[in-house]
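Quick look at what Swiss-Prot annotates:
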LIPID     GLY2  N-myristoyl glycine
LIPID     CYS3  S-palmitoyl cysteine
DOMAIN    32-355  domain 'G-alpha'
REGION    35-48  region 'G1 motif'
BINDING   40-47, 176-182, 201-205, 270-273, ALA327  GTP binding site
BINDING   SER47, THR182  Mg(2+) binding site
REGION    174-182  region 'G2 motif'
REGION    197-206  region 'G3 motif'
REGION    266-273  region 'G4 motif'
REGION    325-330  region 'G5 motif'
Amino acid sequence: MGCTVSAEDKAAAERSKMIDKNLREDGEKAAREVKLLLLGAGESGKSTIVKQMKIIHEDGYSEEECRQYRAVVYSNTIQSIMAIVKAMGNLQIDFADPQRADDARQLFALSCAAEEQGMLPEDLSGVIRRLWADHGVQACFGRSREYQLNDSAAYYLNDLERIAQSDYIPTQQDVLRTRVKTTGIVETHFTFKDLHFKMFDVGGQRSERKKWIHCFEGVTAIIFCVALSAYDLVLAEDEEMNRMHESMKLFDSICNNKWFTDTSIILFLNKKDLFEEKITQSSLTICFPEYTGANKYDEAASYIQSKFEDLNKRKDTKEIYTHFTCATDTKNVQFVFDAVTDVIIKNNLKDCGLF
């Protein structure tokens, strides 16, 4: 009898060992699967981060894929110069050279067909080049916080000669700079540091936010993007609302949401390059009247960081991992994402009882 019990005990111990091994393997597998949700207000740089993941972790854009972005580059360039010229009327800025008024008429006459065909004809590129060189147009561009203008306007317009070539193929950087409003949810998969990432980019405009909710289940981490340079801008969809205030309101609702009690929150204070250019010209008091510091990058950026981190109501149990980013700078994003991944690995292993 004793031998029988001993054999049963041995078999039970083996089974228990096998169950433990399976549980551990399942735990390790779960720890390697990462669901990342990219959130943030419109035009905060979420889609650019997704494009960077393709460049960094998936060998970038092929020549054919780059070619497909040509029409978007043309459209962004045309839309940018049109926005500036339209704003000149509202801001009562005159062309330095009166002949540019004819070019402006030509711009509006030619642009519709060019955008529809995904082209930049020679006559239109000449019109755009002359307009962009005008001092009145440049003065209006300098006041771009007073109207809605694509962040990449100067990037494309300054490089018009290259873009207008008949054999033009967009570079990786050109692709990164393109702006297409995200509607719905864009899912990207990639592997990094033995982790299998599923990244979800959702539209930031108010009308798109109702689509977020079904993405929330089982989220490992949220990357919340904020455009630092938007502190003196209003929303495209609500011209009464400051963009930074809208971002803070949204971050508050995400950071303190009961569904995200155990979710890592990573804060990307993005567009640091544009913010550094702008802060010396446009005071932070536009957004934060109580701000008494200098209009210098380090001090102003730290102040914005503290405003966001102070929204966290569970500081004792929840940490916000903040990074200053420039989403169009591949090296910067690579460095930051490396640090983010280390945090995710540590937190995942902790959750699975393996750390």
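Cβ from N, Cα, C; glycine included.
Swiss-Prot feature annotations superimposed on the structure.
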residue: GLY40; record: GTP binding site; DSSP (3 states): strand
residue: SER47; record: Mg(2+) binding site; DSSP (3 states): helix
residue: LEU176; record: GTP binding site; DSSP (3 states): helix
residue: THR182; record: Mg(2+) binding site; DSSP (3 states): coil
residue: VAL202; record: GTP binding site; DSSP (3 states): strand
residue: ASN270; record: GTP binding site; DSSP (3 states): strand
residue: ALA327; record: GTP binding site; DSSP (3 states): coil
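The CA atom of THR182 (Mg(2+) binding site) is located 7 Å away from the CA atom of VAL202 (GTP binding site). Cβ neighbour count for ALA327 (GTP binding site): 27 (other Cβ atoms within 10 Å of its Cβ, all protein chains included). Every protein chain shown contributes to the tally, and the Cβ of LEU176 (GTP binding site) ends up with 24 other Cβ atoms within 10 Å. Highest Cβ count within 10 Å among the binding-site residues SER44, SER47: SER44.
The sparsest Cβ neighbourhood within 10 Å, among the listed binding-site residues (VAL180, VAL202), is found at VAL180. In sequence order, SER44, GLY45, CYS225, VAL226, ALA227, LEU228, THR325, CYS326, ALA327 constitute the residues six or more apart from ASN270 (GTP binding site) in its chain with CB-CB distances below 8 Å. Here the Cα atom of GLY40 (GTP binding site) is found 11 Å from that of SER47 (Mg(2+) binding site). Within 10 Å of the C-beta of THR182 (Mg(2+) binding site) there are 19 other C-beta atoms, taking all protein chains into account. Around the Cβ of GLY40 (GTP binding site), the number of neighbouring Cβ atoms within 10 Å comes to 25.
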